[in-house]
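Feature list (source: TrEMBL):
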- 1-10: compositional bias 'Polar residues' (COMPBIAS)
- 325-339: domain 'CCHC-type' (DOMAIN)
- 346-361: domain 'CCHC-type' (DOMAIN)
- 1-29: region 'Disordered' (REGION)
Amino acid sequence: MDSSPFNRSGITRRTPPPTTPCREQPAQIDPPEVVTTSDLHQWTGSVERYLQEICNISSEGKLNSEQKLKISNLCRKVSQGFTHVTVQYQALKNKALIQHYALQDLKEKNDLAVSLTQIKETIKESCSKSVPQNSSFADMVKKGTNNFVRPSPLSSVAIYPSDKSKTSDETKNIVQKAICPGDINLKVRGVRKIRNGGVIISTETKEDLEKLKKSVQLSSTGLTVDEPKKRNPRLIVLGIPTSMAEPEVFKCIFEQNVAEKLPSLSRDAFLASIKLSHKSGRRDADHCNFIIEVSAALRKALITQDRVFINWTSCPVRDFTIVTRCYNCQQYGHAAKSCQAAAPTCGHCGDEGHSIKDCPKKGAPPKCATCARFKKPSNHQTGDIDCPAKKAAENRYMNSVNYEGA
């Protein structure tokens, strides 16, 4: 039997199936059910054959010429109308398929956008827990509020031997044998070795420091007691136009930020209390960062206003507490050009004898060379933001800076 729109089996075959249960991939949109082009051609052929049979039968019957012509014209109109419907259906089918695939593409893009959002949230959450090792100081200080350096209230004194040949360990032993903290109610927070055979003793309060300096037992040892002179604090001013020279920048800092805030500070006194340490940033950039060394009073005036106004630019200002790390021996406090180590130490595996670029253990987890040297937990990368050795070096630096009145 011919397949046709007049054939009931054809209609049954193309009836949409009942709704199925949940699909395995509900996110996938099925294309709309359509009649194929070959089916349309087959239907058109069937209609034309049936109409032709009607014309043949009418021509053989007892009809006059006018009736036969009328039937023939009607059959031709039905055929043309069906052909027109077929063409329109083809056009609608093409539009439906185009819209279906466009919708599917949009849904895939939406799913991708949702996935990217989830990835961003995961990365954001991870970054909030730890700052990546390769983040610059400028990147770190631009995030969040300006947390002022709150130096420890510790007071320190430097003690040196009169005999220059003595070591720091020997000096430490002499002090500990001469003074019993319990006898004078002395609260000692720490003792660390310094160059020239000396030691730094940090006490809880200035009163404790005075007890130590006035101790008769200590003076009888022949050791030299000297209160270390603290260095000036350093600030980083971010985003200064590279077109501005140092004198012009300092002029703007004074006139736009300091003159009204510290009216007793003259221009000459201001220039004597500020010094450019160095600049940072890319050489080809439009802006750079000024690391300046200032007096404690000037530091407080600038840091408390959070930004420094320079000409038409508003520049964030932060405490600069980065400590120098040697990339030869991986220790803090000096640069590689002045390192006295005989052999390099790897910044990845922590072993001596090779640099990080020649490390044979690059596939292994990192090991902090600095912490390993002092027998501290070293299951992290050298120079990591949470490295205990790095934090200790930063604390030592901050305790050596004059933050008077901070």
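Glycine residues also receive a Cβ, built from the backbone N, Cα and C atoms like all the rest.
On a predicted model such as this, the values are computed, not experimentally measured, just so you know.
Confidence in the domain 'CCHC-type' (325-339), given as mean pLDDT, stands at 90.
For the domain 'CCHC-type' (325-339), same-chain residues at least 6 beyond its ends with a Cβ under 8 Å from one of its own Cβ atoms are 345-347, 350, 369-370, 373, 382-383, 389-390, 393. In the domain 'CCHC-type' (346-361), helix, strand and coil residues by DSSP number 3 helix, 1 strand, 12 coil. Each residue of the domain 'CCHC-type' (325-339) gets a DSSP state, and the totals for helix, strand and coil are 3 helix, 2 strand, 10 coil.
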